[in-house]
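Shown next, in structure tokens, is the structure this report addresses.
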Amino acid sequence: MSTTYNFCAGPAMLPQAVMKKAQSELLDWNGLGTSVMEISHRSKEFIALTDKAETDLRELMSIPENYHVLFMHGGGRGQFSAVVNNFLGENGKALYLVSGSWSKSAVDEARKLTSDAQIDTLDLVVNDNGIGAVSIPELTGEAADYRYLHYCPNETVDGIEIFEDINSPWPIVADMSSNIMSREIDVSKFGLIYAGAQKNIGPSGLSIVIVRDDMLELPSLPQSSIMDYRLAVKHGSMYNTPPTFAWYLAAEVFKWLKSSGGVATMAEVNAKKAQLLYDFIDGSNFYNNTVSAQNRSLMNVIFYLANEDNNADFLAEASRAGLVALKGHRSVGGMRASIYNAMPIEGVEKLVEFMKGFAEKNNG
């Protein structure tokens, strides 16, 4: 059977080794004679799984001891509201850096739950002759001005990634749904990190939250119990029944990451994959990318065909070649190749080979 490479932005492809293991033990997990989906989340077997998952994640990301690791319901949008409700209180203010579609969505959700006066924004993207780049101004001010600064370091829709550290006098909250564990970061620089699982961690329905102790002392608003960080900490992420199968798969992905060399090794592979694709695009007169080199995402490579009339044929022929889910987001059009941790370099090589052949056949 030929290999299909899935370039979907999310839910994204999972490591083949993880999928095969899940398949092999779907009906009999850990010798229990039942599926991991069928056992109690409070059983000793499942608790052992969750403990191992947290230990592995802490090791992979070098998470300090003064941070809690939570496994919560929902995706990034759920955390948009959870952050506001957990940290702003009735009169708190927050600063949101806007670099693309997802950071804009975070602002929209925050303003639904607060007064406009509580949410300030700062646009980071500047456009120079059709090329988008991120410009981060110096951030100064009294620490009491904002409860937190929120930003999204990787914008999946726009193909923009912020690699430089944000120097903020306020606690930093980061939406790392699409680039968590794709490269090394210093967790101690953040007040909170959240990530929907469906790109680099596992299937949809689960979110990872990494929160520093002192953030839990901020005033909160009344909210749903299942999105209350303090309750999640108190009850070990099990105040109510968690998405157990998603948690199990995340645990297997963490094992796979460790066996693959960890985040540092993954970062090297990811850089090679992205460079291979961007170099081909830049050397072509048939494809183009509209993001400045210093802000091109390593996870989501957007590109456009010189003639949009070829888009439908490109997608159809790519699918027949085993290269699926390459259509760009409806808001920006074009194409998008999402090359998260689970995408092997062979998938990118095959994509480049296909793109080259398609261009030769249709150019001119």
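The chain as shown is numbered from 1 upward.
Cβ from N, Cα, C; glycine included.
As the structure is a computational prediction, the values presented were derived from the model and not from experiment.
Record check, Swiss-Prot: pyridoxal 5'-phosphate site residues include GLY76, ARG77, TRP102, THR156, ASP175, ASN240, THR241, and the candidate from GLN118, GLN198, GLN223 also listed there is GLN198. Taking the Cα atom of each, ASP175 (pyridoxal 5'-phosphate binding site) and ARG42 (L-glutamate binding site) are about 29 angstrom apart. Neighbour counts of Cβ atoms within 10 Å were compared for the binding-site residues THR156, GLN198, ASN240, THR241, and the top value is held by THR156. Shown are the recorded positions ARG42, LYS199; the one with the most C-beta atoms within 10 angstroms of its own C-beta is LYS199. If you take the Cα of ARG42 (L-glutamate binding site) and the Cα of LYS199 (N6-(pyridoxal phosphate)lysine), they are about 27 angstrom apart, rounded to a whole number.
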